[in-house]
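> Sharing a structure, written as structure tokens. Questions coming.
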């Protein structure tokens, strides 16, 4: 109905334009008729002011409509969610950085400022997907779904903080698999305690296989390094990481193509819901801003997140000292929770509504994106930058990821969920968080920017 109203609105504008065109033609006919009895100069002087006044009124109306459209889009983007109350935390973090050297507050305020921007970035991507169709929309969601983590990783990689990049990406996978999926299973199980919720087992198993493939890509360089069996010491590990990253990117591209072309994909429940819902839900799924408005806001939000990510990365080490928290805990636990805050809420809401396939698309799908695209992409970008970014995430981190993937794979193998499975995943995440809180990264000192 929203689209019909939009089309009718466009039609009415076209009709108004045609009426205005007819009015201009009538004026021209009248002036031509008068010219037969009057002088040509007089008729041209009479016609000129009429056309100029008409054009001026049209310009005023168009400018007013454009200004109203801009104000309406700003209101929708910046003031439609209560979470946007945290947006001023970003400028406040910049102000604190200018006036003081308290890295703890800078880090905390920057994280709070990124939370609403990450949610709005996902929203702007969904708005643009309305105009691009399901295939390109799926590509956009896959690209910008984890944009916050990738932006932070790119900035840290440029500063040579390779361990922060590795640990933040690892933490994003763990957060989505254990925390997000655990909250979704637990909330959905509580809301539907009288039955087991069902989801597509085949798609879940396929994603579990991709996560195991990612574990394989991370495991072999680590084993090669710690067993000292490299053919060329210090070079074979990096070369293997870059080759494996290219293979993983090809595998992810094939997976994405399959997801977008197959009927059995995480995107299908989203499309099917539109036909089953009533008219009010269809109105909610209509685009709220224009196509170019979506592109502009997508660019603005990405740039703003990039700016705040710089403050986050610069304050990581200082915040670790100020708050007496290990850098590994900040990178693996705190940063991913902030980047995935919007996804957390969305997965829980869909699980409570008994739409578990969509919750899995948010949680497991996002984990697959980071494991099969985010990590290899950072390796390739580091290769271009001349940074020795590799897939050797150290034995402790790799073992944590391996055990987490195994736990999630066993939870998904029967295609059912309940609150007990969710509770188990949440307790596993607590164990992981406690482990990184007492973990000392042996290479943390090497990540500090070297003085030239």
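Placement of Cβ uses the backbone N, Cα and C atoms for every residue, glycine included.
This is the feature table in TrEMBL:
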DOMAIN    104-260  domain 'Sodium/calcium exchanger membrane region'
DOMAIN    294-436  domain 'Sodium/calcium exchanger membrane region'
REGION    1-20  region 'Disordered'
TRANSMEM  104-123  transmembrane segment
TRANSMEM  135-157  transmembrane segment
TRANSMEM  169-191  transmembrane segment
TRANSMEM  203-227  transmembrane segment
TRANSMEM  239-258  transmembrane segment
TRANSMEM  295-313  transmembrane segment
TRANSMEM  320-338  transmembrane segment
TRANSMEM  358-383  transmembrane segment
TRANSMEM  395-413  transmembrane segment
TRANSMEM  419-440  transmembrane segment
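So where do these features actually land, and what's packed around them?
Across the range of the domain 'Sodium/calcium exchanger membrane region' (294-436), the DSSP-based residue counts are 121 helix, 2 strand, 20 coil.
Panel annotation: around the transmembrane segment (104-123), residues 77, 81, 83-93, 96-97, 144-145, 147-148, 297-298, 301-302, 304-305, 308-309, 311-312, 314-316, 318-319, 322-323, 330, 334-335, 338-339, 341-343 of the same chain, lying at least six beyond its termini, place a Cβ under 8 Å from a Cβ of the stretch.
Sequence-distant contacts of the transmembrane segment (203-227) (same chain, at least 6 residues past either end, Cβ-Cβ under 8 Å): 173, 177, 236-237, 240-241, 244-245, 247-248, 251-252, 255, 264-266, 357, 360, 364-365, 367-368, 371-372, 375-376, 390-395, 398, 401-402, 405, 408-409, 412-413, 415.
Within the chain carrying the transmembrane segment (239-258), a Cβ under 8 angstroms from the stretch's Cβ atoms is held by residues 138-139, 142, 210, 213-214, 217, 220-221, 224, 232, 265, 368-369, 372-373, 375-377, 379-380, 383, 389-392, all 6 or more beyond its ends.
For the transmembrane segment (320-338), the residues of the chain that approach it from at least six positions outside its boundaries are 102-104, 107, 111, 114-115, 118, 148-149, 152, 163-164, 167-168, 170-172, 174-176, 179, 312, 344, 397, 432-433, 436-441, 444, judged by C-beta separation under 8 angstroms.
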> So, taking each listed stretch (169-191, 295-313, 358-383, 395-413) in turn and counting its Cβ pairs to the transmembrane segment (419-440) that are under 8 angstroms, which one gives the highest count?
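Between the candidates 169-191, 295-313, 358-383, 395-413, the best contact partner of the transmembrane segment (419-440) is 169-191.
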> Counting Cβ pairs under 8 Å to the transmembrane segment (169-191), which of 295-313, 358-383, 395-413 comes out on top?
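Checked against 295-313, 358-383, 395-413; highest Cβ contact count belongs to 358-383.
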> Counting only residues 6 or more past its boundaries, what in the same chain has a CB within less than 8 Å of a CB in the transmembrane segment (295-313)?
73, 77, 90, 93-94, 97, 106-107, 110-111, 113-114, 117-118, 120-121, 124-125, 128, 144, 147-148, 151-152, 155-156, 159, 161, 164, 289, 335
> Under an 8 Å Cβ to Cβ limit, what residues of the same chain, 6 or more beyond the ends of the transmembrane segment (358-383), are close to it?
142, 145-146, 149-150, 153-154, 157, 162, 165-166, 169, 172-173, 176-177, 180-181, 184, 188, 199-200, 203-204, 207-208, 210-211, 213-214, 217-218, 241-242, 244-246, 248-249, 251-252, 255, 266-267, 269-270, 340, 343, 346-348, 350-351, 389-391, 408, 412
